[in-house]
Amino acid sequence: MRLVLVGPPGAGKGTQAEFIAAHLAVPKISTGDIFRSNVSQGTPLGIEAKRYMDAGELVPDEVTINMVRDRLAEPDASEGFLLDGFPRTTPQAAALDKLLADLGTALDVVLELVVDDDEVIRRLSGRRTCRGCGKIWHVEFDATTREGICDRCGGELFQRDDDKPETIATRLREYAEKTAPLVDYYGAQGKLVGIDATGPVEDVTVRAIDALRSYGG
Ligand SMILES: [Zn+2]
């Protein structure tokens with residue numbers, strides 16, 4: 001099965017990607033992993049990408065797409081894969097369709113993790129990180145015994161910039177502008193399936209696997 005996972009920040013994509021890929025026995029491919037492996041192996045694409053990243057610039061689509069192409073051409077992806085974090089935009093989705101066609105294949109399904117904005121804000125803005133050991137707590141779902149103090153190491157808890165309400169609002173706006181049109185793009189191809197991604201992690205995984213069954217998962 002060839003699958004793309006989409007969803008807003010805070011939807012639990014990374015966690016679900018692990019479980020679903022394991023269930024389907026396909027590699028989980030994230031652009032973060034592809035970037036890191038190209039950079040650490042010093043491939044020509046990795047060297048090019050690193051130049052942009054070192055300059056604090058976005059890596060151009062063309063470089064990212066070429067890295068994805070190389071990764072999807074590897075033997076372990078020949079029978080299927082789960083893409084997490086790519087494509088993020090409609091032009092990237094069109095490029096992915098083209099490169100898969102070049103490889104003689106196509107996507108089977110795009111799974112959307114559906115979480116509304118209020119729930120995303122509740123999940124992300126409640127996160128607190130320990131300055132001592134780095135453990136992430138949550139004021140509502142995984143609270144410490146004493147407010148602001150890590151149960152594991154006694155360290156002080158703080159709110160990362162990424163988890164502050166103003167940053168979350170910006171990330172949600174970017175998602176709505178750039179990534180949400182993907183949902184329409186794949187919907188028009190008849191490949192989109194959305195699942196409710198609220199509630200316990202295990203419940204979401206079960207919903208995902210049930211939804212994929214009708215696509216041969
Ligand atoms: Zn700690």
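For all residues, glycine too, the Cβ spot is worked out from N, Cα and C.
Summarising the annotation, TrEMBL assigns ATP binding site to G10, A11, G12, K13, G14, T15, R127, G199. The region 'NMP' annotation in TrEMBL covers 30-59. What TrEMBL lists as AMP binding site is T31, R36, E57, L58, V59, G85, F86, P87, R88, Q92, R160, R171. Summarising the annotation, TrEMBL assigns region 'LID' to 126-163. What TrEMBL records for 127-162 is domain 'Adenylate kinase active site lid'. Taken from TrEMBL, the feature Zn(2+) binding site applies to C130, C133, C150, C153.
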Average pLDDT across the region 'NMP' (30-59), rounded to a whole number: 92
Site extent for AMP, whole Å (max Cα pair distance, T31, R36, E57, L58, V59, G85, F86, P87, R88, Q92, R160, R171): 30
Cα-Cα distance linking R88 (AMP binding site) and C153 (Zn(2+) binding site), given in Å to the nearest integer: 38
Residues of the parent chain within Cβ reach of the region 'LID' (126-163), under 8 Å, 6 or more residues beyond its termini: 171
Residues within 8 Å of the C130, C133, C150, C153 Cβ centre (excluding the Zn(2+) site residues themselves): R131, G132, G134, K135, D151, R152, G154, G155, L157
Cβ-Cβ distance under 8 Å to F86 (AMP binding site), same chain, at least six residues away: V4, I29, S30, T31, T64, V68, Q92, L96
Cα-nearest neighbour of A11 (ATP binding site) within the listed binding-site residues, E57, V59, C130, C133, C150: C130
Integer Cα-Cα distance in angstrom, C133 (Zn(2+) binding site) to R160 (AMP binding site): 14
Between C130 (Zn(2+) binding site) and R160 (AMP binding site), the C-alpha gap once rounded to whole angstrom: 10
Entries of K13, V59, R88 (binding-site residues) sitting next to ligand 1, with Cβ under 6 Å as the cut-off: none
Distance from C150 (Zn(2+) binding site) back to G12 (ATP binding site), taken between C-alpha atoms, in Å: 23
